[in-house]
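**Q** The structure is given below, and queries will be raised subsequently.
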């Protein structure tokens with residue numbers, strides 16, 4: 001019998017419909033667990049109760065802080081975080097970056113509200129608890145358990161707005177068959193970074209997308225206020241005329257990612273393509289999508305990394 005601590009943060013899993021006003025996150029972790037059975041000891045705490053589209057970097061830091069507190073508790077064997085699906089991939093990735101314990105931390109949520117005719121939250125929570133209690137899931141960093149599948153937070157993304165199984169990507173490390181968890185793979189969890197401090201709360205990192213006819217005016221505007229900028233480039237990491245010059249003129253970290261859902265950034269083309277962007281100073285994001293790249297960049301900048309030191313630390317996490 002394992003002791004699992006559930007940390008509630010809100011999201012659809014904690015939401016109830018208010019008629020024409022829409023669904024609102026309001027259920028506590030205790031309410032979400034009230035009708036769950038199981039063989040494990042389950043404790044709970046509420047960290048936040050909001051839709052994940054409302055989260056700030058400060059909120060993400062508070063969630064990471066709560067997970068670290070639970071992990072330090074010798075009586076706790078694993079942690080589950082209930083979370084809205086809109087930005088779950090960002091919070092889960094931050095947890096993965098800074099999680100220094102072998103204890104599993106498992107993030108889950110729901111696509112249907114708690115008061116719907118067929119809520120999926122209870123099943124997802126039950127599976128997340130089972131994952132957090134399973135010894136085979138130790139040492140894998142932060143995981144996402146959703147609709148019968150367990151995957152790493154790194155590389156995962158919400159790829160469908162309404163499907164019951166909305167997450168893809170990452171490395172699948174397990175799935176449920178006949179109500180039992182089957183471990184299917186292992187993965188290497190990179191050395192953790194330092195936990196976010198209050199400086200993380202106010203670090204501004206913007207994402208600028210590229211498209212046919214895009215000019216660097218949005219990039220230069222973002223650089224006027226942001227500590228770093230992510231470029232969501234086309235293809236393997238490209239941008240149109242003027243972007244290389246704007247990157248070269250900046251002293252702030254600029255990360256080159258891609259708007260393509262899958263595949264790495266591989267600088268290949270000149271004439272303003274990825275070769276020129278990297279030569280101008282952009283840091284390739286590898287397999288990280290723009291929004292997980294943003295979380296890593298914000299964490300590093302808030303810890304004082306700039307220039308070559310930033311590029312080296314960013315690359316070390318790829």
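First residue shown is number 1, and so on along the chain.
Here the Cβ of each residue, glycine as well, is placed from N, Cα and C on the backbone.
Given the structure is predicted, the values throughout are model-derived calculations rather than measurements.
As listed in TrEMBL for this protein:
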type: ACT_SITE; residues: 12; note: active site
type: ACT_SITE; residues: 12; note: active site, O-isoaspartyl threonine intermediate
type: ACT_SITE; residues: 85; note: active site
type: DOMAIN; residues: 4-169; note: domain 'L-asparaginase N-terminal'
type: DOMAIN; residues: 205-312; note: domain 'Asparaginase/glutaminase C-terminal'
**Q** Could you tell me the C-alpha distance between residue 12 (active site) and residue 85 (active site) in angstrom, no decimals?
**A** 7
**Q** Name the residues of the same chain, 6+ apart in sequence, whose Cβ is under 8 Å from the Cβ of residue 85 (active site)?
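**A** Listed in sequence order: 11, 12, 52, 109, 110, 111, 158, 166, 167.
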**Q** Grab the pLDDT values for the domain 'L-asparaginase N-terminal' (4-169) and give me their mean, rounded.
**A** 98
**Q** Within 10 angstroms of the C-beta of residue 12 (active site), what count of other C-beta atoms is obtained when all protein chains are considered?
**A** 24
**Q** Based on DSSP, name the secondary structure state of residue 85 (active site): helix, strand or coil.
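**A** Note: residue 85 (active site) is coil by DSSP, not helix or strand.
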**Q** Count the residues of the domain 'Asparaginase/glutaminase C-terminal' (205-312) that DSSP assigns to helix (H, G, I), to strand (E, B) and to coil, and report the three numbers in that order.
**A** 38 helix, 20 strand, 50 coil
